[in-house]
Protein chains: 2
Amino acid sequence: MTVKSDIEIAREAKSKPISEVAAKLGIPADAIIPYGTTKAKLSFDFINALNTRPNGKLILVTAISPTPAGEGKTTTTVGLTDGLNRIGQKAMCALREPSLGPSFGMKGGAAGGGYAQVVPMEDINLHFTGDFHAITSAHNLLSALIDNHIYWGNKLGIDSRRVEWRRVLDMNDRALRSILNSLGGVSNGYPRQDGFDITVASEVMAILCLASDLKDLQNRLGNIIVAYTRDKAPIRARDLNADGAMTVLLKDALMPNMVQTLENNPAFLHGGPFANIAHGCNSVLATKSALKVADYVVTEAGFGADLGAEKFFDIKCRKAGLSPDACVIVATVRALKMHGGVAKDDLKTENADAVAKGCANLKRHIENVGKFGVPAVVAINRFITDTDAEIQEVMKAAEEMGTRAFLCTHWADGGKGTEALAAHVVEVANSGKAAFKPLYPDSMPLRDKVRTIATEIYRAADISCDGTIEKRFKELEEMGFGHLPVCMAKTQYSFSTDPTKRGAPEGHIVPIRELRLSAGAEFVVVITGEIMTMPGLPRVPAADTIRLNEEGQIEGLF
Amino acid sequence: MTVKSDIEIAREAKSKPISEVAAKLGIPADAIIPYGTTKAKLSFDFINALNTRPNGKLILVTAISPTPAGEGKTTTTVGLTDGLNRIGQKAMCALREPSLGPSFGMKGGAAGGGYAQVVPMEDINLHFTGDFHAITSAHNLLSALIDNHIYWGNKLGIDSRRVEWRRVLDMNDRALRSILNSLGGVSNGYPRQDGFDITVASEVMAILCLASDLKDLQNRLGNIIVAYTRDKAPIRARDLNADGAMTVLLKDALMPNMVQTLENNPAFLHGGPFANIAHGCNSVLATKSALKVADYVVTEAGFGADLGAEKFFDIKCRKAGLSPDACVIVATVRALKMHGGVAKDDLKTENADAVAKGCANLKRHIENVGKFGVPAVVAINRFITDTDAEIQEVMKAAEEMGTRAFLCTHWADGGKGTEALAAHVVEVANSGKAAFKPLYPDSMPLRDKVRTIATEIYRAADISCDGTIEKRFKELEEMGFGHLPVCMAKTQYSFSTDPTKRGAPEGHIVPIRELRLSAGAEFVVVITGEIMTMPGLPRVPAADTIRLNEEGQIEGLF
């Protein structure tokens, strides 16, 4: 049997005009702005008129700690959306937009897989509706305005050693990580150290995803701290009059994008911030709009539940006033085997004991989600090599935690493969069991917030901070940022800060290496390890083989 | 009387759905890909099916040598298009897309003015349909692949001192003109000198505008010479396998964009290469498609006729097999006065003598256009301060050169203000007088091509080249590039290389400073002065006041 590739399946998709897909949700044709026939943006006029409607149910899809075996979180989000529609519910999903740059490094798109995908896949993985390009422009306009201000006399007294705002490109380009700019003489400015991050790492991306409307967007952009003076007074984007022009550049990008699943169900794809130095969720505007037009909204968060779900709850839901009704934790037998100590090359051999052992990871995530008052359900994303005995171990683990696991075959079967899960999710979401609460109150000091996450979620014994970090915590409190949530940048592969510690390690120490203030996005980034904000290309990049074939179709991208 | 601003007029425009505008030309709804309701791209399927149709008439709009007083070339192109439609012709225009970056430096859009504009003006001056972002991505992917190749072992033996391919951003950012990249240690690569140009200066832009189809686009991209080895062998984009992926990034950008004039007549806006280091015309695909769907196509070229028209004829028309039927030279009384020696502050005072004297500039351009076998007509773009005596001088000058000048009031009156010009243009275009021929044959040696342009068009006594330049001419001939046209980068303000020499200077020497090979665009750039490929922002940039107002409209951009 030949298994079809994602792109082959996507090309066979019978997409409907996006206006028809929107009509399913009662969205009229004049409420959407078409980008081609299968992509559209939702107009602000329509969004603004939604306020008085009741909200649908919000379902978060998260996962066990990621392993190289793969979990299929996006695939499950799409599959569950199709399953919900199949059992007669008005459901849609709200996902992140993928980044362009990485597509030219490693092969593989980010729009689901198998028969659980959103389309048009090629567009989604390339320029899509231009949101990320708009973010690149807005970010780099601010960068240019900083150096321009210094060039023309530096009235604000920016300390050029303390410019914290770098530049961005949506490209994997290691040569730009660290640069010296403004070389070449008097007319090019004052040389200083600088560098580029990839666009998705921009604070502008995080802001776009947290903004409630254009006004809030502009206010947050204005709040960005770009540099400090010699006596360490913050310089904000507003001080450079950059917030208005940046908002103008982002006005279309702030409108949620609508596409469809392979089964012609509606999907919003909007925003895609990093899941380490940012909160890793699609936009608040997309999620909120989805809740107004659909009865069930399935959304996802980055990485495993220790990072993605925690940030979804503690940052996005807290700030946007969202209240999730259920949480689906995606697991695969293969990944659980790896958490149980099996090497990647041995995954094909049946090993129910390893699965049982690896379920320690799953169980802790289930328990953690419970700490936010959200009922968890487990989705087993089936692989061909999974055996019944292995699957039973996952079912058992879920039951031991007071919940249920469902075998899902959406990758092979589309929405048909998640019907049982969908039915149960509907039941849970309507059970009244959910009583969402963030893990810590706004009023808790920043250092305690970090410690709470470390001990409650990561099950660490404690955090460790050197003098500089302790001082920085105090500084941030004194500057008036003590009420912000914290955004943890930790390895996604382990509950600890050691990526090789799979399963459910405990009692470890979480060393805090650095604190970064995102004053516009309104969180404090807490860095516990090496964070790469500008990826490089591999020795043989995907770009090598990406091309148009004789039929004008894209080869090599997926 | 209050004069309305361009943006006020544009906002009052009653735009029609772009599908209706397309239908005027017999373009069916399924041949256009909508970007919102008033912008669209023309599909390749439709374009490819046009081949067998006859061509309409091609009319070039060019101008006298630019002065700070302004000429209004785009405004006249749009006005003439509306005028042609008003007198019952099926006419459209083909224009360049404006660059995003400069909008945040100086106030002022680039979509015509007054009652002769194309709309939606805001979109056109911001992200539009994303073409320039796609060019930025494609260009920078190639940049990243160069440094990535060196990083992973440099199998091709690229001499990092001889990397000629820089990076680009669509932003005025002087701090990026000259940088050191790949700093920060082993994992970031090998430090080398680098820099950014503005996107419109990218060779990818020139290539996009000259490519006949996707295949030709990929071939030209592959031909780009990005660097040389230590023994000076060229490294092409193809050697880095970059051409396929770059083509994929540009596949949508290659489709012409359709918008409309204020009078709801169709306009293509597509591509916008620099007019100094590139050829400064909209895309070949847009012009060719326009000729298939309209009976009259009005297009424009950058700067004055000595640069823009010469390149339009010798590069674009030669390479694309276009044969223009008429040429409109735009002049204003104010600008001619400046050519006649009047200072900018004194332009409001009537001075028919100065106009007469300044007409030497106009006359030479008329004569020059004739050298290409294309009949010229003069459009006087009327300003309120122009007096009858002054206008008469221009009329007289045109008659002395065997042609006619028409007073045009399209800025104030729209198409109604160009009816007389339009009628005459129709007559000339159908007169059979045009017998287009480029100024020099392909077979002429490069150095002679440059000398021919300098003496025939600029009326220089000669060119001067030092030993390095003479050697470079020989090298380029030996490398097999002798058959390419040359692309002159000279000040637009004078026939000479001294921008202060207005009017019609002659007998000067044109010093050749540098030769740059654009092997993908297929021309040799000949630099005769300082060329700025990355603008900076002024002391008080437009970005300072650009913002959304309470109605969500953009303020400060125009």
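In case you wondered, yes, glycine gets a Cβ from its N, Cα and C as well.
Feature annotations, courtesy of TrEMBL:
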BINDING   B:Thr67, B:Pro68, B:Ala69, B:Gly70, B:Glu71, B:Gly72, B:Lys73, B:Thr74  ATP binding site
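In the structure as shown, the Cβ atom of B:Ala69 (ATP binding site) sits within 10 Å of 17 other Cβ atoms. Of all the binding-site residues listed (B:Pro68, B:Gly70, B:Gly72), B:Pro68 has the fewest other CB atoms within 10 A of its CB. Residue environment of B:Glu71 (ATP binding site) contains 24 other Cβ atoms, counted within 10 Å of its Cβ in all protein chains. For B:Thr67 (ATP binding site), the same-chain residues lying six or more positions away in sequence with a CB closer than 8 A to its CB are B:Arg334, B:Ala335, B:Met338, B:His339, B:Tyr493, B:Arg502. Taking the Cβ of B:Lys73 (ATP binding site) as reference, residues of its chain lying under 8 Å away and at least six apart in sequence are, in sequence order, B:Val61, B:Thr62, B:Ala63, B:Glu300, B:Val330. Using a 10 Å radius centred on the Cβ of B:Thr74 (ATP binding site) and all shown protein chains, the other Cβ atoms total 23.
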